[in-house]
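Working notes, structure below.
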Amino acid sequence: MTLAPSARLAVLASGRGSNLAALLEAFPGQVAVVISNKRDAPALERARAAGIEALHVPWPPGGARDFEAAVETLLSSRQVTLVLLAGFMRLLSPGFTRAWHGRILNIHPSLLPAFPGLHAHAQALNAGAAFTGCSVHFVDAGCDTGEVILQKRVPVQAGDTEETLSRRLLPAEHEAYPQAVRLVLRGLAFPRPQPGEIEAEFGVNVAADAQGVRAARLLRDWGREDAVADALEGHLTPLTSLARSTDELRLAWTTLDSLSERRARWEKRGELLVQAETLGLGAHCARALAVTADEWDTTTY
Ligand code: GRF
């Protein structure tokens, strides 16, 4: 299911709310409600100061059920279609995460799957990691186990403590979360599709990964339905290669390579456009690349 770019968002936060602040700035007018399990969470104060509805929903000692029922009611009455966990310190139940499959995100301060769970910075320091980072991921029933949408890398420096490392990482989180949300709202990030979903969308009963689906959608939008099945099945033809390369290039800013390597790849997009021209798809390819071109301006990590 694809979300409207103007989808209404809810943020669930338990603490400070610095990621909430980044989201409020990036999506003015789109955050419908902020919910916290902590009555005195600074995140609620931040939301109120920004004129956003901010609600405390207690987490009962018995577990998630009453909390989730109350939150479901709030989300549906506010017509929320995307839920963003930002420093939300409770594990939601499998029933809740299944109901919001592909429409609930979290940010975690490590390069998942490394260092999930609590004290991620300390885990990175104890492991002697040279780098750590942050991950925005879809939420599943596990703890920080859902599919990764976007990661940013930061160096660990000699003498780092949990505090210095988390302070260095936080600006990367504030860059990553809005970018990841835009990827989801633009239909460019979604969980691994199930065969039934592919059949419903394309009429072909195959298993494909997200990259295959994005390439197939490009070809369909370009009026080349004849190449869609090849793209889904991963067959390389001039058309499917063009669609895959276009997809890779429009997402080149998301990789973990150095920023200069990513930019160098992007600067060579003229070569791909020439190739697209030979297939009569130059204008289509250029339009596809333009969809995320603005992200280069917001990418510093
Ligand atoms: C962030 O480090 C986030 O990655 C983790 O919890 C922290 C929340 O910070 N899940 P804030 O409340 O957004 O300032």
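Placement of Cβ uses the backbone N, Cα and C atoms for every residue, glycine included.
For reference, TrEMBL has these:
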type	residues	note
BINDING	GLY17, SER18, ASN19	N(1)-(5-phospho-beta-D-ribosyl)glycinamide binding site
BINDING	ARG65, MET89, ARG90, LEU91, LEU92, ASN106	(6R)-10-formyltetrahydrofolate binding site
ACT_SITE	HIS108	active site, proton donor
SITE	ASP144	site 'Raises pKa of active site His'
Residues close to N(1)-(5-phospho-beta-D-ribosyl)glycinamide site centre defined by GLY17, SER18, ASN19, Cβ within 8 Å: ALA13, GLY15, ARG16, LEU20, ALA21, ALA22, ALA43, ARG46, ALA86, GLY87, HIS174
Cα proximity to the residue listed as 'active site, proton donor', best match among binding-site residues ASN19, ARG65, ARG90, LEU91: ASN19
HIS108 (active site, proton donor), number of other Cβ atoms within 10 Å: 22
Distance [Cα-Cα, Å, rounded] between ASN106 ((6R)-10-formyltetrahydrofolate binding site) and ASP144 (site 'Raises pKa of active site His'): 8
Listed binding-site residues with Cβ under 6 Å from ligand 1, out of GLY17, SER18, ASN19, MET89: GLY17, SER18, ASN19
Spatial separation of ARG65 ((6R)-10-formyltetrahydrofolate binding site) from ASN19 (N(1)-(5-phospho-beta-D-ribosyl)glycinamide binding site) - C-alpha basis, Å: 26
Residue among binding-site residues ARG65, MET89, ARG90, LEU91 with Cα closest to the Cα of GLY17 (N(1)-(5-phospho-beta-D-ribosyl)glycinamide binding site): MET89
Residue, out of the binding-site residues ARG65, ARG90, whose Cβ gathers the largest set of other Cβ atoms within 10 Å: ARG90
Other C-beta atoms that fall within 10 angstroms of the C-beta of ASP144 (site 'Raises pKa of active site His'): 22
Residue among the binding-site residues LEU91, LEU92 whose Cβ has the most other Cβ atoms within 10 Å: LEU92
Pairwise Cα distance maximum in Å, (6R)-10-formyltetrahydrofolate-binding residues per record: ARG65, MET89, ARG90, LEU91, LEU92, ASN106: 20
